[in-house]
């Protein structure tokens, strides 16, 4: 016991702010929302216990719930790979050893800082409006652009592009990962005359696997929780025609527009299950494709 | 004081007006503060902050903090504040939402103040009763209005439209749209596409001899009503005489982006109290026409309380709040500032006092109001709980129709099914 403390005390001291925050601020609401998910609660009168009623309605009768899942899954399936490929690509370019790398790193990271902000979402709406910048540029080269944001067929893709543009934080992690790959491996490959793309598939990717895995999990969780950009661009409703009805936007509307806190809590808990499932799948399959350098098998 | 500034700045549109109003607020001396929350537009915000100013000058010791936001975000913020038990003391209320908020217990009845600190004995009975739910007064009428087809008088003149704009029919309307579009060479379309406007659609249903909701809160509009409505607009779109579909599907745009303000179209549907606000952003002189009638149909339009002032459950200093409320409808200086921007006041005394000082556009709204008196139907029953969500569903499903992605009749029956399910679930 004494040894445990001697060894771990510093860690717990560092964890303390988070632990205090978690127990004081987060745990209570989390448990409350679990309870509320089994009730009907309009925020004014007291919650009424209805057992599995909310979950039953969700799966059997709520068409918009399925629509929200469809939108969110499509988004995650497109945005996560797009962002990771973009991040890895840029990281590899920067890894070539530019002298002003610090500056470039900062510049490329900038969109990630701005991307979650309301201002960028509004800007995005302007860019992709029927008479926005994107269409004006397209018109210059003779292409008649679509009405990207107001057309349910294309609105989701504008958000995927937005997600792609926010590649900053996975890029930094990739960059750190790339730096960790021993140079002599490439030198050896160079001497053997291995072409560049084979160096990439045989050296870079396998050695980067832990980092890719880390980024994949983080970005997947992040994408499932996408809210502010979709909320702003769709005017808070998931419009046009529910094509931007992200799960979180639907949840927000159920809770704060239609006063169905109980149902919204149920939705929130199901989102937790979805994210947990995907994370679990990622961890479970990781042993087949992620190898750590210090592992000996 | 810093608190007041921060709150005032939260209102996106009211920010400038708030900054202008701040220096005059003697809030340092105030030990009683009440919050007033309303949906606005630049013109309304300017007037309201001037009212707050005047009230504070006359009532030293009471500070009023104004919070304003556009209609589109108003109800979201209101719901959040309701949930957080942090509602403003006085909230602007709409007929459509009154029933929902009363049923949730979010508002306090005003009956105990009437005749004591709230003097409304000589007010018009009809408009006043619009604020009653189950016999109790929950909302004080601060203006009445009716639907109006706002139109560009210059475009109408140039296209040579001579229809009687009070008694005209949907056929006349379609012809007017054609003429205006042809005259401008397609640059200005005849009208905004009203496919997604459930407010206008409700008039359509009434013209067919039905109400949208029955007194016991059931959906009585039929899929046939919806089909004929969406089909009519689909035909107008096909003819190219209404606004571009990609503009139509932008929901609840601010007044400054409406077709009539930017000059895309010669007609838009609004509420008559908004005439003042629209004229403020429109280049040409505007006129007021009734929603077109169905040939041989019933009256669709109605006169309703445009806005209410309600006392929220969270109000602490009710005496101060009621004093403010009373000044709103009785103080000659304050009602003079407000004018008709929120609608026609229901106090005969105030109306008489306003008459000589009316601006051109205010006179337009009074004349319009007088002209339609005998052409309107009775006030429909308050919408049941869930009506706000039905409105969303109408716009959501209608979007697919406007963009031509779904068959009209199919979308119409989907909407009626959804509306029924929404209302049933909300009870």
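Cβ from N, Cα, C; glycine included.
TrEMBL annotations: computationally assigned, not manually curated.
The annotation transmembrane segment is assigned in TrEMBL to A:12-38, A:73-94, A:106-124, A:156-178, A:199-218, A:230-252, A:264-284. Taken from TrEMBL, the feature domain 'ABC transmembrane type-1' covers A:69-282.
Ranked by the number of CB pairs under 8 Å to the transmembrane segment (A:264-284), the listed stretches A:12-38, A:156-178, A:199-218 are led by A:12-38. Counting only same-chain residues 6+ beyond the ends of the transmembrane segment (A:73-94), those with a CB under 8 A from a CB of the stretch are 101, 104-105, 108, 156-157, 159-160, 163-168, 170-172, 174-175, 177-178, 204, 208, 212, 215-216, 219-220, 223-224, 226, 246. Sequence-distant neighbours of the transmembrane segment (A:156-178) (same chain, 6+ residues past either end, Cβ-Cβ under 8 Å): 71, 74-75, 78-79, 82-84, 86-88, 90-92, 94-95, 105, 108-113, 115-116, 120-121, 124, 128, 148-149, 204, 208, 210-212, 214-215, 218-219, 223, 226, 229-230, 233, 243-244.
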